[in-house]
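Engineer: Below you will find the structure I want to go over with you.
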């Protein structure tokens, strides 16, 4: 897999080098910090589109939420954003399962800005959201330590899993039903059609709709890569051994096994990486303000987390082959606005489909990565609002919730990991030849 990507002026080798030597080590460290490892999610929301298949009973599908007693008081305060120093000294900060030091995660802002939260609550930014957001106040919403629930192969597959992806592609990628996506086991067979008619159709689309398809395909490829790289290889005496499965990787991505489809999927992964990288470089001014604090209640750790995040932003800005989103939605004003709204609603629908995933662990990571991409899109379409942010007070024009920030960083962390894992598979494939 080499050369220049379609629809942008960036080559794969440049992304590989940039990711390996600059981004990957830092984003890994950032994801381990208390602020970014703790995500609130509702895994019990019913599927809004079809009758539930029943949940996956495989033990690896299970998500271990943090017990109520282990959640720090500062986190339990939730949207009220109250912080009690007493919580810092209590036993509430003990280990969550086997993890060390699970810090309180409170708010995006330091104490000086808390009076602005009342104004924030009144500000309805639903017009900006590309995702259906979980209601954090729901009794079914639980905090999950992402480090204790890594994304990996769970055994969840077959018709149930295919129906989710099929619904995403067939009904939400601006695609007519007469055009069949290649290698889709749920599509009727069409004799000699090898999928080329699909790509003829794709090339005929406007840039925005083509980009939409590539983002979804890239997300699908990234998730498949994680499953291949973190596969249950064997289980001896109840002790599982996880690692890369070359055979599974070949089945999903090798040109010979996928009728040439695999490399296309991987190129879309790189394209998605570029989109989220661009969003990170664009949102930097939001976090560079002194008023924004990655607040956990531990002042020293908070300062270190913010310094590391700003360091990553500096790297993203230094990348010289960014995707130029200005080419999107650039037609006549009325048509562009209508297309952008259509784009947003299609993506929002995909975020709702994630509630149809039968495996809890797959649902957790599907929701998080979808929300991360939705947040990236929100950023890319809010450039003017970000540029006009006040230095010392929250903005009513653009804001990110802690959930959106955690999803954005972890989703990009997953893409960075995918590209790193792809390098590893290249080495493993050379060794097996």
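The backbone N, Cα and C atoms fix where each Cβ goes, and this holds for glycine too.
TrEMBL lists these features:
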DISULFID  56-61  disulfide bond
DISULFID  96-131  disulfide bond
BINDING   152, 154, 165, 217, 220, 252  FAD binding site
DISULFID  359-362  disulfide bond
ACT_SITE  359  active site, nucleophile
ACT_SITE  362  active site
Engineer: Within 10 Å of the Cβ of residue 220 (FAD binding site), how many other Cβ atoms can be counted across all chains shown?
Structural biologist: 17
Engineer: Have a look at the disulfide-bonded residues (61, 131, 359, 362) and report the one with the fewest Cβ neighbours inside 10 Å.
Structural biologist: 61
Engineer: Since the record lists 154, 217 as binding-site residues, which of them has the fewest other Cβ atoms within 10 Å of its Cβ?
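Structural biologist: Comparing Cβ neighbour counts within 10 Å for the binding-site residues 154, 217 gives 154.
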Engineer: Expressed to the nearest Å, what is the distance separating residue 217 (FAD binding site) and residue 359 (disulfide bond) at their Cα atoms?
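Structural biologist: Here the two Cα atoms lie 20 Å apart.
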Engineer: Largest pairwise Cα distance, Å, within the listed FAD binders 152, 154, 165, 217, 220, 252?
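Structural biologist: Per the listed residues, the maximum Cα distance equals 21 Å.
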Engineer: Listing them in sequence order, which of the binding-site residues 154, 165, 220, 252 have their Cα within 10 Å of that of residue 61 (disulfide bond)?
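Structural biologist: Candidates kept after distance check: 154.
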Engineer: Spatial neighbours of residue 165 (FAD binding site) among the disulfide-bonded residues 131, 359, 362, defined as Cα within 10 A: which are they?
Structural biologist: none
Engineer: Does residue 252 (FAD binding site) have same-chain partners at least 6 apart in sequence with Cβ under 8 Å from its own Cβ, and which are they?
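Structural biologist: In sequence order, 224, 228, 258, 262 meet the Cβ cut-off.
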Engineer: Can you check which residues sit near residue 152 (FAD binding site), meaning Cβ under 8 Å from its Cβ, same chain, 6 or more apart in sequence, and list them in order?
Structural biologist: 60, 226, 227, 230, 231, 232, 242, 361
